[in-house]
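Here the structure is laid out as structure tokens; the discussion comes afterwards.
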Amino acid sequence: MDHLPIFCQLRDRDCLIVGGGDVAERKARLLLDAGARLTVNALAFIPQFTAWADAGMLTLVEGPFDESLLDTCWLAIAATDDDALNQRVSEAAEARRIFCNVVDAPKAASFIMPSIIDRSPLMVAVSSGGTSPVLARLLREKLESLLPLHLGQVAKYAGQLRGRVKQQFATMGERRRFWEKLFVNDRLAQSLANNDQKAITETTEQLINEPLDHRGEVVLVGAGPGDAGLLTLKGLQQIQQADVVVYDRLVSDDIMNLVRRDADRVFVGKRAGYHCVPQEEINQILLREAQKGKRVVRLKGGDPFIFGRGGEELETLCNAGIPFSVVPGITAASGCSAYSGIPLTHRDYAQSVRLITGHLKTGGELDWENLAAEKQTLVFYMGLNQAATIQQKLIEHDMPGEMPVAIVENGTAVTQRVIDGTLTQLGKLAQQMNSPSLIIIGRVVGLRDKLNWFSNH
């Protein structure tokens, strides 16, 4: 280990930055956030430093560097574009046993600045030891996505509860289980974010007083249309906290690779016209796992409330008194259209969008007359096997045969395939495609040649 990671208490302690440009300004922000009593020395300063000085937030010393500026300092930063001056600052600090950071010169520095994820009081620092700042930044960005923005408020509140929790729960195991419940409780986090004292008190009392072997909960999570990058941050957080993940065929392998490693995985894949696991059995799986006290994630492709039967599953849980929540996902219509260069609405071509299930059941005739109207976009989910019927019905109700259509297979994935044509060709086009596919019908499809960005990558 070349560097020891430490967190310094700098509040009301003298610190010095030598340099008055943009780089020095970024370092100054960090020290000001930490409450340091900051002096900045340079021949000239960018306007931000002047504004801070006018507000009484720091002291400016205009002129050449004077080593006496270090006499009362706990920490120094050399942030000029003059390598010789930076080296002089570093040597003067070293002689006084003051830690000094030299920007872009880690070998000349006695400490380096990490990439920081700030969820105060929770802090995470990432460093590559100065060898690859870009790598450290990328890791920080990834960690940022994993740590909810409200986490700091929850951590601060947990500190206030420590005494009571110690009195309430006799063993370390009981306390650990309580803290695990508290840190994943979305209602408490939201209440803290909203400063809703009544809800904070109610939720805290419920968590403290309920038995530790309480029933579990189910979180319905939309996995998006395929590209793992389209999974929401909250969806990612939920699948990494799950004890059990119940997932279907439309959830990509890339997304399943993000699931917590020791979570149980239950596959309940479905295909149009055939159910690997009957819906009622899926409902019972969710119920059974939650009743064991487990945190269950029901992971569905797209958005669970758009042709995902999410409402049916939640009704079962509601009737059994099982707590549940929902994390929306990007629905296939949005993802597939965007990755195909087809805007669902357009000022000149479509003022509305219809999302329609392609599972056309006997006795469930659609309103084809309204669907055939102009100035709208039709998106058929699971309509591949019914493409010829869709073509026939729309033409019978006076939709022009030259109306542009597109079929998107494996939308947003690297294996995405799109074919387009006209309504009179829809049935034949569908024979060339495989499930999962989405059918888009409307004038907006004509913009695909101009706006198709994804296939050009």
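Note: Cβ is positioned from N, Cα and C throughout, glycine not excepted.
Per Swiss-Prot, the feature region 'Precorrin-2 dehydrogenase /sirohydrochlorin ferrochelatase' maps to 1-204. Residues or ranges marked as phosphoserine in Swiss-Prot: SER128. Here Swiss-Prot flags 216-457 as region 'Uroporphyrinogen-III C-methyltransferase', drawing on sequence analysis. The S-adenosyl-L-methionine binding site feature in Swiss-Prot is assigned to PRO225, GLY301, GLY302, ASP303, ILE306, THR331, ALA332, MET382, GLY411. Per Swiss-Prot, active site, proton acceptor is recorded for ASP248, and the stated evidence type is sequence analysis. Feature annotation from Swiss-Prot assigns active site, proton donor to LYS270.
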Where ALA332 (S-adenosyl-L-methionine binding site) falls in three-state DSSP terms: helix
S-adenosyl-L-methionine site shell beyond PRO225, GLY301, GLY302, ASP303, ILE306, THR331, ALA332, MET382, GLY411, criterion: Cβ within 8 Å of Cβ centroid: GLY224, LEU250, PHE307, GLY308, GLY329, ILE330, ALA333, GLY335, CYS336, TYR381, LEU438
Whole-number Å value for how far GLY302 (S-adenosyl-L-methionine binding site) lies from ASP248 (active site, proton acceptor) (Cα to Cα): 11
For the region 'Precorrin-2 dehydrogenase /sirohydrochlorin ferrochelatase' (1-204), the mean pLDDT of the predicted model: 90
Cα-to-Cα gap, ILE306 (S-adenosyl-L-methionine binding site) vs the residue listed as 'phosphoserine', nearest whole Å: 44
Number of other Cβ atoms within 10 Å of the Cβ of SER128 (phosphoserine) across all protein chains: 17
Site of maximum Cβ density within 10 Å, from binding-site residues ILE306, ALA332: ALA332
Residues PRO225, GLY301, GLY302, ASP303, ILE306, THR331, ALA332, MET382, GLY411 [recorded S-adenosyl-L-methionine binders]: greatest CA to CA distance in Å: 16
Cα-Cα distance linking PRO225 (S-adenosyl-L-methionine binding site) and SER128 (phosphoserine), given in Å to the nearest integer: 35
